[in-house]
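Input: a single structure, listed below in structure tokens.
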Amino acid sequence: MKKGFMLFTLLAAFSGFAQADDAAIQQTLAKMGIKSSDIQPAPVAGMKTVLTNSGVLYITDDGKHIIQGPMYDVSGTAPVNVTNKMLLKQLNALEKEMIVYKAPQEKHVITVFTDITCGYCHKLHEQMADYNALGITVRYLAFPRQGLDSDAEKEMKAIWCAKDKNKAFDDVMAGKSVAPASCDVDIADHYALGVQLGVSGTPAVVLSNGTLVPGYQPPKEMKEFLDEHQKMTSGK
């Protein structure tokens, strides 16, 4: 009982120290008008990572200097986006909400931020059978380019809330309509994560290690790129 009390006291004290350490950072964020944020350790000493709905920031412990954008680890044979690697936890947390087209003989998994009003997103989806045949599993998340209150967002909400999400997505991409629907899926979560990962247009492809590949690539070129990328980053 005594040991349990001591452990609780130590944890409470540590939590208090952490909040005190972040006080300068929180003050700076408040001054910048950033209300919703998650402060985490950074891969560089003397800094913290701040996750916001507008992207990822790196801020010094004293709150005086801020860097916006991805951070790269260049110690290996190829640069690694450590910012997006950190965000993989949030990405995987949305796995149950993804619309997945699984390859029969899976070799690679890509997550695609898509928009039903995007021409190249349609082109990518039309070639889904080819991606799958090459061993590429495609997982979709929604990224309405016109914003969260747009018609596209509402239609994508209906797709993601449909009983058969894959059929609903196929139908809409083929020019058909989908019945309005509501559920617990929040497209804003998809969109916010996309922004944090650096998505600014669609389609945007996120690899299994967090690397962001903007734009459309045909199936064969995508397969070649994924194979080469896997070789370069193996062991990272």
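In case you wondered, yes, glycine gets a Cβ from its N, Cα and C as well.
Record features, source Swiss-Prot:
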DISULFID  CYS118-CYS121  disulfide bond
DISULFID  CYS161-CYS183  disulfide bond
DOMAIN    36-231  domain 'Thioredoxin'
SIGNAL    1-20  signal peptide
Close in space, distant in sequence - CYS183 (disulfide bond), Cβ under 8 Å, 6 or more apart:
TRP160, CYS161
Local confidence of the prediction over the domain 'Thioredoxin' (36-231), expressed as mean pLDDT:
93
If you draw a 10 Å sphere around the Cβ of CYS118 (disulfide bond), how many other Cβ atoms fall inside it, taking every protein chain shown into account?
20
In which DSSP state, out of helix, strand and coil, do we find CYS183 (disulfide bond)?
coil
Suppose we draw a 10 Å sphere around the Cβ of CYS161 (disulfide bond). How many other Cβ atoms does it contain, all chains included?
18
Return the count of C-beta atoms lying within 10 angstroms of the C-beta of CYS121 (disulfide bond), excluding that atom itself.
22
